[in-house]
């Protein structure tokens, strides 16, 4: 039988969510809606007692910057290409395995900031906003960026080994799927039922869509990003906090992103050499 977390303030009541600030489980009567997630009464009071005007810790600044960079990159690609898909820019910046193997290593990162038209951009940015803002409230700006880059590079590695090496993949879906994977781990560690929260259904829907349109969707990029996000989520959320502070967990994820970057470049050379 699945155990259910109980409210910190009301032990006789089942918890619905965890406070976004202190991570303690709270019941519906203790929940106060915040810009991202919910706060418990104790954190709400401590926030109200502040005398200095400070920016809220859950203001998703890094998420907004990431979205802004994607939008700017898309607009620049449209202007450069003189069409709404930004196709001409793909030949210079897209993450195609052949070009990466030839020494154009920057494509591993720049390809994730290009998109195939406004709809592709909008869907990926919605993904990043929903998952990124929720995770940034828990991880902070640096933690969210480290997770995003680990997912981006995990997606790039997936493209190398699971996608057509002569294809020209673009988009931030690998990083977006990484955020979703990390959020799955977070909810599991909090004792949240994935189906009740809706996240389980969203994951299943994306699996179905990815498989149904695998001819036009980078399965390797999304799978690689999701796996990287799950692994990063285990490091960030499942590791005992008393033994490993958040700064150390974030540093491990950041180091993992650097490792994935080098591994992706080496893998691209190996993949093209095998053709």
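Counting starts with 1 at the first residue shown.
Cβ from N, Cα, C; glycine included.
Annotated domain 'B box-type' per TrEMBL: 2-54, in sequence order.
The transmembrane segment annotation in TrEMBL covers 65-82 (among others). Tertiary proximity for the transmembrane segment (65-82) is limited to same-chain residues at least six positions away from its ends with a CB under 8 Å from its CB atoms, namely 88-90, 93, 110, 113-115, 118, 121, 124-125, 128-129, 132, 145, 148, 172.
The transmembrane segment annotation in TrEMBL covers 117-135 (among others).
Feature annotation from TrEMBL assigns transmembrane segment to 142-162 (among others). Within its own chain, the transmembrane segment (142-162) is flanked in space by residues 60, 62-63, 66, 95, 97, 100, 108-109, 111-112, 132, 135-136, 169, 172-179, 181-182, 218-225, 227-229, 231-233, 236, 246, 249-251, 253-254, 256-257, 260-261, 263-264, 267-268, 271, which lie at least six positions past its ends and keep a Cβ under 8 Å from the stretch.
Look at TrEMBL and you will find 168-186 (among others) tagged as transmembrane segment.
The transmembrane segment annotation in TrEMBL covers 193-213 (among others). Within its own chain, the transmembrane segment (193-213) is flanked in space by residues 2, 177, 180, 183-184, 187, 219, 222, which lie at least six positions past its ends and keep a Cβ under 8 Å from the stretch.
Residues 138-139, 143, 146-147, 150-163, 169, 171, 173-186, 189, 206, 210-211, 246, 249-250, 252-253, 256, 260 of the same chain sit 6 or more residues outside the transmembrane segment (219-238) yet have a Cβ under 8 Å from a Cβ within it. Annotation source TrEMBL lists transmembrane segment at 219-238 (among others).
Outside the transmembrane segment (250-270) by six or more residues, the chain places 97-98, 100-101, 105, 108-109, 139-140, 142-143, 146-147, 149-150, 152-154, 156-157, 160-161, 228, 231-232, 235-236 with a CB less than 8 A from a CB of the stretch. According to TrEMBL, the feature transmembrane segment maps to 250-270 (among others).
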